[in-house]
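Working notes, beginning with the structure itself.
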């Protein structure tokens, strides 16, 4: 507690010294004392004039007082006096009294000076106050503090004195406290004293109040919070002393957390910070030192270890670390993670990619042991219970015999025969009963049956009879081949290798020799049947087995006359050419060849014929199976040794498919040795006029605008004939009875329409009957095609024309002809205005129309809106053209909406048709005349071809080809034109987009439908 001491001047008591007591904090103007009554004697009458004044005015302590009515001498309070403030400022001694001394001047007869003391008495105007912020104080004490330990506290402050000051303190708490409060009033010493042992784990903090009170029961309150600091006096403690985990899968992934152990420490802070450790070294588990998570760090295997026991320690971090221990027991659960294992004995058998290869002799007896088997699965329970079986055919000569649940034997149940089956493939399947999915192991067994020499060589023929020609000259020391014996042995290798020998060779010394490997018998001498006409040989076939087996046969050779002559055919040379006209009837004989053999002996003179078609090419069964010829062999009536080889038609011959057939005939006799003759034939197919011309045109309805083609309309018709030579030559002509004079059709197919003729009426339909004939003999083939030309002008409503005339009766448009064959239709046409230097495009531009007439109806119905848009686009393009480039007299025809071909083919971004005087312009979707070649829109472009006023015309004509397959592509078609002939004036210059003058010259508009 703060204690203040006021300093006051003290003087010795004198007779005229007065002490006036007054209380502090009196209001201003309060009367303190009447100086006249105090200082003047009682016998002084009021009539005596006296004047009272203070010696000083504004200095301490005069500033607190003022004398009112100086003659009366009334001393009053000028400024409020705060005794506590004076004590604090040490303006007076407060340990005893707080006195203020004043000097008073009294003017009666003379000036007198009087001293008075104003003693300021204390007023209990302050309550005790603690200096802590918000009257709260936080304290800390360790829980190990001994009894009697004290905590010094700062006393409260009360600026009053004596009984008005602090006289005592008290503790206020709602619960018992282990503290007491000691206060020394003299020393103003305040402290808390520990009275009982502290236990932070039981009570970690205390809240209570200290009340300070003065003599007038004024109080001050201090809230105390005492936190008991921890010491490491508690050991960690696990929740359980033993943790047990069951059914931990052995297939649990590495890094998985299987459990979290937890220990608690009643301490706090560092003393309660725990770390966990594994005491026993276990390579498959680790524990997180902070969280206590136990993780798997290796692959567990139930079959190796089923239970793990871990000792875990928890250590706190406090001073003098304390520990606790627990045990973690982990029981693994078996998973079906092991495949059954198939073991076999003997175990030195060759294995190749899980396939067991066994070699067994085919002589192995029934019930012979092949393999001893055992099956094991390391899993437990159903996971380790195995069912095994042999997966193979029931006719397989092997069986699996079960000895125990896990052992068995593979034995033979039938005899083996390598010549019947030389190899066996089967599988031993072992399957466990694990869940959710059983596992299976497969042992593939490949048994190879080894050969035993159990088959005797067998001749293909028994008691053989053969013939030898006498007097055959010996041209080689090894003689010549007269026969070949063949025997078969189904054994393998040496058991199946056959050695041939002559058993009775001593009886025929130096007459015959047999090749021991091939069985070829050769004659070593020239035989004469006059000396001996038969020879008997005993032939043996023996194998090379360790116990060789053999068989015998006999060959009787009969000596016959010499095969002196080769077959002879009645042709000058061995290469013969024959011909046959196509479509010849079946049974027609192409040619006959006579062959004979001059040998008189029956065998030597007997002839046979073999044939080979296309002998110099690879065999083509498809072609050879369709050969329309048959080879017939007949014996001649003239001689037994003469035959007739006839080649006859037995199918359809079509020169357009195959024009020639090469043939090789091999004519051979039956002598020993035989002789043969080869005859090469070439059968040529002659052409017949069996194909009529075909006009290639896609539409026969053409529309011509006389305002565009003011002089001539040129069109080139193209037809083809698959026949040859004169049969395939084609000429064109118009039917004279129906053709108008202003239309001319040249024999080469060039159609010229004089559009300037006065005979032509506007909006007129002209039917042209085009006769197309070949020059075949004896009767040429003629077809008639009808072309319909509609001739109009700019005033013509082309849409209605197309709608009106596009449908017609097909029968009314044909003339009766001897042979009419209409084929593929494709129109090739262009129109032009001739000038004095008539120019035609050098490259071809294709114009496309619909494929068939019937499609036009459907397109009109579905595309009426599209046609309207196209017509509007054409009008805009025409207006733009008039404004920029064309004279007002040139007009633009409105298309009928069905012109779906672009008259230009774009190649690498350039147009193929380019001519110096020809001005060709595209109207694009946006109406722009620019040459956006790479961004050509899919709407119908219009070709505008203007004409000069020259009256002369060029004979140059051009052809167009245009293909359109479906209405779906009606707006995206590519066409090209091809010039038929050109003159020097018609040679085009190189097309250049940069030359604006290219837009002057001939203008062309195609309205072909």
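Glycine is no exception: its Cβ is also placed from the backbone N, Cα and C atoms.
Worth saying up front: this structure is predicted, and the values here are computed from it rather than measured.
Restricting the average to the domain 'Cadherin' (14-130) gives a pLDDT of 81. Residues annotated as domain 'Cadherin' in TrEMBL: 14-130 (among others).
Marked as domain 'Cadherin' by TrEMBL: 133-238 (among others). Look at the domain 'Cadherin' (133-238): DSSP puts its residues at 6 helix, 54 strand, 46 coil.
For 248-342 (among others), the entry in TrEMBL reads domain 'Cadherin'.
Positions annotated as domain 'Cadherin' by TrEMBL: 352-459 (among others).
According to DSSP, the domain 'Cadherin' (460-569) comprises 8 helix, 48 strand, 54 coil. Annotation comment: TrEMBL describes 460-569 (among others) as domain 'Cadherin'.
The feature domain 'Cadherin' is assigned by TrEMBL to 572-695 (among others).
Sequence annotations record features per position, and here TrEMBL assigns transmembrane segment to 856-879.
Taken residue by residue, the domain 'Cadherin' (248-342) breaks down under DSSP into 4 helix, 43 strand, 48 coil.
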